[in-house]
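Notes follow the structure.
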Amino acid sequence: MKLHTLLSATQIPFPCLISPAQAQIIHAGQACVVKEDNISERVYTIREGDTLVLQCLVTGHPRPQVRWTKTAGSASDKFQETSVFNETLRIEKIQRLQGGRYYCKAENGVGVPAIKSIRVDVQYLDEPVLTIHQTISDVRGSFYQEKTVFLRCTVNSNPPARFIWKRGAETLSHSQDNGVDIYEPLYTQGETKVLKLKNLRPQDYASYTCQVSVRNVCGIPDKSITFQLTNTTAPPALKLSVNETLVVNPGDNITIQCSLTGGDPLPEVVWSHSPSPMPQNSLVQGGNLTIWRIRVEDSGYYNCTAINNVGNPAKKTVNLLVRSMKNVTFQITPDVIKESESIQLGQDLKLSCHVDAVPQEKVFYFWYKNGKPARMSDRLLITRNDPELPPVTSSMEIIDLRFSDYGTYLCVASFQGAPIPDLSVEVNISSETVPPTISVPKGQSTITVREGSRAELQCEVRGKPKPPIIWSRVDKEAPMPSGTMTEETYDGKLRLESVSREMSGTYKCQTARYNGFNIRPREAMVQLNIQFPPVVEPTFQDIRQGLGRSVTLRCTMLKGSPMKVATAVWRFNGNLLTLPPAEQQDYSELKVDSVSRDTSGSYECSISNDVGVSTCLFQVSAKAYNPEFYYDTPNPTLSQKQSKNYSYILQWTQKEPDAVDPILRYRLEVRPLSQRNTIQTFIPVQKMEKGLLLEHVLPNLKVPQSYEVRLTPITSFGAGDMASRIIQYLERRYLPSALPSLDNTCHFEDEKICGFMQDRMDNFDWTRQNAQTQNPKRTVNTGPPTDISGTKEGYYMFIEASRPRVEGDKARLISPLYNITAKYYCVSFYYHMYGKHIGSLNLLVRVKNKRAIDTQVWSLSGNRGNKWQQVHVPINPPGPFQIIFEGVRGTNYEGDIAIDDVTLKKGDCPRKPIGPNKAVALPGNGVSTLHRSSLCGPVTFFLYVLLR
């Protein structure tokens, strides 16, 4: 029999099915334990270096998109500035800083997004560090002349470590030895334990071990460190072969000796350099540091440190200075008292000279006039360090300036006796020496260039001497293109290469107060305009419209320089369209009067602003959108092991069906993945509206083949967008924790809880636990001690009535969505309602229609005894449905309610309780306990749908 004869189309419409996203987090990685902390918080514990895998199980239609985020960081192994858009979050070799709260956000545009979180606790235990200290006293001799010794053991761990002190093989404690005191210092948060040896005795000279343990959590082994305490134990001591400040010349070879003068055990000597790493032209041998052909950049602080974990580390520092001089400048300061800004005869005048040098205080300045040394007099004062100027700036002040004082003055900066070349600067004083003025050349106050080209801003400076020009930005607190806040030029021109639109703005040029007059800076402004092509929207728009309807296309200019549309050119499928002239606006429009096969296609609008062109692209058609497959309830058709065929119910809704003409039928193509041949058939459609669930049975699929299914809507326009999926057959033994298909029982043994979800709109959540995970501080006289099986390992769901819960608070547990395949169903479950403050347990049925409708079908209130009891509730939902367990908190805290072993079966409920329908007393009451059947029973095979 051929496949196409088996694919007889059966269309079964259901009420409109659009449901908001729901989410649940499960783990699949190397977790040590996943537990409920403080009743409601889920904690995932993992060892540092293991692989973290979190999966966000989602339901909802259309299929929700999942996004992972993390508090104080992002959800990725490298903590980049991005989120992880995937249902599975995987972090290889997780580190301690990657612990924290992770959030799964699922949204599909229907209702509010679903957000679930879990706290990841990364466990680790570092190597412990042991240090020895003495009491402070005036004695400066052998270390253990002091009376008291402290052994301090520190470790980084999570959870906090447990400390064990040993002397040899003997474990130390307060009670066993009066000479020992063990305590935790303040503010150490469990990371440190101190062993105090009081009134040191001969037997205290021994081997001491600090052992740290996190109690084998996550399989982390204990760690330890040992120290041998003797009567020669002493802290390190150092001495240097040079002074604390060492001045050398460039090119010298230097050696600094750092010698140990004390310390037992033998200290380790380490050299370091700040603020940069050790230079490459250096070598450390023992305590000796050698630097060959030293450079100016090798200057800095060199630290010699000796450590043996006894007392504090010994440290000696050398400030190494490499002689250098650069940037010699001068200043002309007119008479300050008379507030003059120009040189005038009869007034005072000061000439200043400064050089950037290392060491600055070793610089000497020499002044010359017309080539001869300047000599101090009652009218000529020379100061080596002018207090009114930057440190070590030399000034020569001329009192009552005369004509004879005109001339050329030379300032020479020198390191006397050092092989460093002198630096000098010359300044001429005459009647022509005038303060500067600054202006922008005519026509240069506004510069307009295109993005990516070269720009040159210019300011003209007049005066003698001409000072440098300092450029900065005025309207933006942003650096110059060079990356600095200011930029210096000597010719007054600021040259900018490959300008960008961000460089647009006002630039200020001003005179410097050095290498010229030391007066108020002169300044001017230049405006830089960067022209760039338009930025338009939409860059692409897919427009669907029914045949014969009109549509208006608009291409809008959002940004650009100049900000105006110079030309707008429209093309249809590459062919130029002729449009009547339009007024100058920031957009261009085209109206398609009637959508048809001839007018469907690609419309392109090219907008120009005389600088560049940007394009809007519109795809106009009457094609139908793609169908959206329904994934939430695979509802596999059972197949016995001996059967060679299986069937699958394909379900979908149509995306935006009202956007185009009515859908007439669907083209269905089915292809075995191992073959190229495709079988095609058509599914007629009688009714279509948004959210309407459609269904088609694919029978007689071959075990164990997988199939590709393609579904294409067809309207009077033709074929629409196709959707595809993979149907994969997997044989799997039925487990009690499997997803709850019809006629199966959910025992809540897996943390997936059979696909049940917590309601986001209630007051609190149901909690999954067993006798081993119960809170030891839980309220007595309420709640079950075990699940229905009576074993400590068996799980159940319950609500905790203790604070912060108040009377009337509700917790709702919602099942997956079930399709209608029968007229009547029976919901069976066990409940436990024991305690004097029991509220209510309600069972509701939610039917999916254009909106969800919840109907209460069963309710029970009050104390029902310390036993599990079973109930059967008949339901007959008219469409796809969910069942909801609603627990309502009673008047006080002794009101815990639990449920277990939930079953949904087709057909009527049993009329008379038989077998396990009887009440089951809990262990200790003298009544037999109901045990679950073994997992080695009959094998059932399921069909699972995997998405690709």
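Glycine residues also receive a Cβ, built from the backbone N, Cα and C atoms like all the rest.
Taken verbatim from TrEMBL:
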DOMAIN    20-119  domain 'Ig-like'
DOMAIN    128-226  domain 'Ig-like'
DOMAIN    236-319  domain 'Ig-like'
DOMAIN    334-428  domain 'Ig-like'
DOMAIN    436-527  domain 'Ig-like'
DOMAIN    533-621  domain 'Ig-like'
DOMAIN    633-733  domain 'Fibronectin type-III'
DOMAIN    744-911  domain 'MAM'
Mind tallying the domain 'Ig-like' (533-621) by DSSP state, helix then strand then coil? 0 helix, 52 strand, 37 coil
In the domain 'Ig-like' (334-428), how many residues does DSSP call helix, how many strand, and how many coil? 6 helix, 41 strand, 48 coil
Give the residue counts of the domain 'Ig-like' (436-527) per reduced DSSP state, in the order helix, strand, coil. 3 helix, 44 strand, 45 coil
Would you kindly check 236-319, 533-621, 633-733 and say which stretch has the most C-beta pairs under 8 angstroms to the domain 'MAM' (744-911)? 633-733
The domain 'Ig-like' (236-319): DSSP-derived helix, strand, coil residue counts: 3 helix, 50 strand, 31 coil
Closest-packing stretch to the domain 'Fibronectin type-III' (633-733), where packing means Cβ pairs under 8 Å, from 236-319, 436-527, 533-621: 533-621
Could you please provide the mean pLDDT value for the domain 'Ig-like' (128-226)? 85
